Structures are given as structure tokens and as C-alpha cells.
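If you check TrEMBL, you get these features:
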BINDING   ARG44  L-glutamate binding site
BINDING   TRP106, THR165, ASP190, GLN213, ASN255, THR256  pyridoxal 5'-phosphate binding site
DOMAIN    7-366  domain 'Aminotransferase class V'
MOD_RES   LYS214  N6-(pyridoxal phosphate)lysine
Amino acid sequence: MDLARFWNFSAGPSMLPDPVLNQISIDILDWNSTGISVADINHRSKHFEIIYNEAESYLRSLLELSSDYCILFMQGGGQGANAIVPMNMIGRNRANKADFIISGYWSSKSYLEACRYGDVSVIADNSYITKIDDHDYDPYTWFPANESIKTRYGSSYLQFCSNETINGVEFVDWSGIANNINSDAVLVVDASSNLLTRKLDINCTGVVFACAQKNAGISGVTIFIVRKDLIGKALHICPSIFDYMNIFNEHSRYNTPPVFAIYVTGLVLKWLKMNGGIKRMEYSNLEKSQLLYNFIDSTSFYINKIHSSVRSRVNIPFFLSNNLLTDIFIEKAENLGLMNIRGHRSLGGLRASIYNAMPIDGVMALINYMRDFECYYG
Ligand SMILES: *Cc1c(COP(=O)(O)O)cnc(C)c1O
């Protein structure tokens, strides 16, 4: 069935691929010719066993995960992970220490939450104006240099966000950081908005987490990729349902998991696999984002201030040089079916989130609209 749909540029929950929605519409009434709705399926049933195993094995193969890592499906969203991580990780080394890189909105939130659990410090940040190649860069538009990133003695982990969904700063040289830090610390990465959008060096990390509603399904489930030797070190205050050990031992069914959300994640992963996997997504996301950045850079009517080396391929914030036109830009975009283009409330302006499921036609439609708008108002 062809779906009549708008172009949804939302940062999350974001658009799902059409084939996934079509499959859901069938399974919601009758999953796999069992006569059971996928929404009714019991988490201890053999049906869910199939759904779960499929989701896990697609994820494993798409990410080419080594057997050193396990996959945990947990709840609490990206922000839940901000507490789950320190509760499981900060006590590894006796000092109860963790270090952070601040690069924007989400890493700041992660840091503040972690402070409740131990001695937590910001060891590098981009919250000030800096000069690069004789040009001034605003706070949260660049990324600290690898050489400046050193962990403190006794620190259990270093956490950063690999794609600041709101600010539009993406950082992917994970191994560059891993090589620099103390050997007793591991990397923890919030990859909520760029996991599965390009090749990422998971093998140099301790933990990678991502809430599903950006690139891997709907809200309600968070993917954790955890190096197995890091499991079993949770603080005793950690709730049992958030202890990696329990989730690992019970194959993410320590309590009732988000059955429907895991099911949708499985469908999205299958769609990814059928459509060329990470390699193909990386190519397509590069192509889409270059089209949009090239257009923005070709005119002074639109502005994106992010340093070119860390411009996000999936979340592209931009401003109109005349900010007074922002509301009318959004209103006219919506009239044409270009939805959810307003920037995050903390930043203002505009933002186009163009994750895996956004076809190049959607990006072209946006660019054509931007060109027309400039012709009229510029
Ligand atoms: C969306 C997002 C979060 C927050 O996720 P919730 O599921 O809403 O808690 C955290 N980090 C990043 C990078 C995100 O994009």
C-alpha cells in the first residue's frame, strides 16, 4: 500500500520507513498468521522469543558486534540511561569517579544526572567561543581536540555524546579518544541519534546506548551495547530492573519488556538489513546532508554555524538571517507538508532531522521550498 504522508523532519520520535508501517498494520490484527495481535503477545511466549531473537540478531549483524559485547533492551529512554550508566559503571574503580565531555544540550544533561552518583567532572567542553583557522566559533558549534581529552586518575569511564541532536554537532573519532585516556577508564557513548546511521567504532567502547525513537523504532525501548566484562559492578542503590546483570541474565525479560517497541525495532532493523545495511545508510546520509549543507552555504539567507568537521549528517539546525521570518517559514512549510521543522525550544531557529528513513526526495522537497522562500522574501 502506498501511504499518503507528509515529510516528517522531527528529531524524535521520527519517521518510520513505509514498509515498516505497512507491516505493523498487518501484524496489529494478526501476527504471523497466529490469530494473535502483536500488541497482545505475552513476553514469555514462543512468539515473543522469535521477535526478540530476530531483533537481537539483526542488530548484532548490522553493527558487526564481537562476542565481547552483549545487547540489552531496557526502558527509561535516553535520559534514563543517564542514571542507569553511572549506577552500573561508576563503582568499577573504587574512587566512584567519572569524566565527561560537554558538547551540547544532551551531554550537559547526562553530566548533571551523573553528578548524583559520585565524583563527576567535565574534562573537556565547547561551551565557549573559540578561534579555529582565524574564525570565531560559537559555543556548541565545534568539538574539543583529542589531545585535550585526558581522564582523571581512577576514573571509571569517560562519557560523551556522539551526535548532539539539538545542536547538530557530530563526533565520530571514538578511537582517537580511546587511545588517549587512562587504561583503567572505558568510553561510554550516547549514540541515541546516530547509531545505525554510519559506521561507528563500537569496539573501542565500554558501553554505547541509544533510545530507539530516532533511528531504531519507536519510543519505549533503549538499546544498550555493553562490554560483557563490565557487567556486575552496579552500586547497591541501583534498582534491580536497571542492573545490567539482571537484564543480561534474563535476556532483557527480567520484568515485562516493552514488547511492542522491541517488535518495531526488529522491523526497522530488518528494513535496514534489506536495504543495504549501515554502508548504504552511511552513503545516503552523507549524500542527503551534503545537499542540504551545500544549499545552506550557498546563500547568506540561511545560516548553519557548526564547524565543517563536526557537522551532523542527521540533525541539521539552521537559522534564517532574518529571524523575524522564522514563524512564517514554518507555517508555509507545513502548508506544503514539510512538518516539524521548528528548532528545539532551547535553541530556536529551524532544524531538519534527516535520519535513515528520510528519503532523498524529502530533502529535495525541503531545499526547493527553501529556495522559493528565499526568492520571495530574500
Ligand atoms: C533524544 C535523545 C535523548 C533523550 O531521549 P529520551 O528517550 O527522550 O529520554 C538523549 N540523548 C540524545 C543524544 C538524544 O538524541
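Heads up, the Cβ atoms here are built off N, Cα and C, so glycines get one too.
GLN213 (pyridoxal 5'-phosphate binding site) sits 24 Å from ARG44 (L-glutamate binding site), taking the Cα positions as reference. Ligand 1 lies under 6 Å from the Cβ of none of the binding-site residues ARG44, ASN255, THR256. Cβ neighbour count for GLN213 (pyridoxal 5'-phosphate binding site) (all protein chains, 10 Å cutoff from its Cβ): 25. Counted within 10 Å of its Cβ, the other Cβ atoms near ASN255 (pyridoxal 5'-phosphate binding site) come to 12, all protein chains included. Classification of TRP106 (pyridoxal 5'-phosphate binding site) by DSSP places it within a helix.
In this structure, ASP190 (pyridoxal 5'-phosphate binding site) is part of a beta strand by DSSP. Among the recorded positions TRP106, THR165, ASP190, LYS214, none has a Cα sitting within 10 Å of the Cα of the residue listed as 'L-glutamate binding site'.
The Cβ of the residue listed as 'N6-(pyridoxal phosphate)lysine' lies under 8 Å from the Cβ of ALA11, GLY12, SER14, THR165, SER192, SER193, VAL314, SER353, TYR355, each of which sits 6+ residues away along the same chain. Shown in sequence order, HIS43 are the residues of the chain, 6+ apart in sequence, with a C-beta less than 8 angstroms from the C-beta of THR256 (pyridoxal 5'-phosphate binding site).
For ASP190 (pyridoxal 5'-phosphate binding site), other Cβ atoms within 10 Å of its Cβ number 28. Ranking the binding-site residues ARG44, TRP106, THR165 by other CB atoms within 10 A of the CB puts ARG44 at the bottom. Of all residue pairs in the pyridoxal 5'-phosphate-binding list (TRP106, THR165, ASP190, GLN213, ASN255, THR256), the one with the greatest Cα separation is 30 Å apart.
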